[in-house]
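Features as listed in Swiss-Prot:
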- 1-22: signal peptide (SIGNAL)
- His29, Cys54, Cys57, His58: heme c 2 binding site (BINDING)
- Cys37, Cys40, His41, His97: heme c 1 binding site (BINDING)
- His79, Cys90, Cys93, His94: heme c 3 binding site (BINDING)
- His83, Cys104, Cys107, His108: heme c 4 binding site (BINDING)
Amino acid sequence: MKMYKLMLGLVLAGLVSLSAQAIEQRDYHKEVIGKDCKSCHDQGVKNYPSDQACLQCHDVDELAEETARSEEDKWQNPHNNLHYGKELPCIECHGEHEAKKPICSNCHTFKYDKHKE
């Protein structure tokens, strides 16, 4: 019985520890920390946010301007690129609770030094 209680205690302690670590948030979203999860998770807390949720705070035209490159590399802009224009879903490159690589890196080798995972 003592062994059972010990094992149960260890399992419960592990679960509490995991749940505390499970919700990771990026520093650049400090202003939304503490708000209701539904402010971003507009399709339910178990689903990814829609682009409309991201666009409540972020403007795609401003992002495209901020990430613009020189003329010869202008289509290497993650927010206005040759393949998707400005239509690529935000979650393809960005994740709030876990790091993500830009979708471009699946085929291309150019880097985005300021990429926020």
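Backbone N, Cα and C atoms are what each Cβ position is placed from, and that goes for glycine too.
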Check: same-chain CB within 8 A of heme c 3 site center, minus His79, Cys90, Cys93, His94: Cys54, Leu63, Pro78, Leu88, Pro89, Ile91, Glu92, Pro102
Extra residues within 8 Å (Cβ to Cβ centroid of Cys37, Cys40, His41, His97), heme c 1: Lys38, Ser39, Val45, Pro49, Glu96
Quick note, Cys57 (heme c 2 binding site) and Cys40 (heme c 1 binding site): C-alpha atoms separated, nearest Å, by 10
Taking only the residues the record lists as binding heme c 4, namely His83, Cys104, Cys107, His108, what is the largest Cα to Cα distance between any two of them, in Å to the nearest whole number? 12
Of the binding-site residues listed as His41, His79, Cys104, Cys107, the one whose CA lies nearest the CA of His29 (heme c 2 binding site): His41
Do any residues at least six apart in sequence from His108 (heme c 4 binding site), in the same chain, have a Cβ closer than 8 Å to its Cβ, and if so which, in order? Gln76
Same-chain residues six or more away whose CB lies under 8 A from the CB of His79 (heme c 3 binding site)? Val60, Leu63, Ala64, Glu66, Thr67, Lys86, Leu88
Of the binding-site residues Cys37, Cys54, His83, Cys104, Cys107, which one has its Cα closest to the Cα of Cys93 (heme c 3 binding site)? Cys104
Determine which residues of the same chain, besides His83, Cys104, Cys107, His108, have their CB within 8 A of the center of the CB atoms at the recorded heme c 4 site, and list them by sequence. Asn81, Ile103, Ser105, Asn106
Round to a whole number and give the Cα-to-Cα distance in Å for the pair Cys37 (heme c 1 binding site) and Cys54 (heme c 2 binding site). 13
Additional residues around heme c 2, ordered along the sequence, whose Cβ is within 8 Å of the centroid of His29, Cys54, Cys57, His58: Val32, Cys40, Ala53, Leu55, Gln56
Across the record's heme c 1-binding residues Cys37, Cys40, His41, His97, the largest CA-CA distance in angstrom? 12
Other than its own, how many Cβ atoms are within 10 Å of the Cβ belonging to Cys57 (heme c 2 binding site)? 11
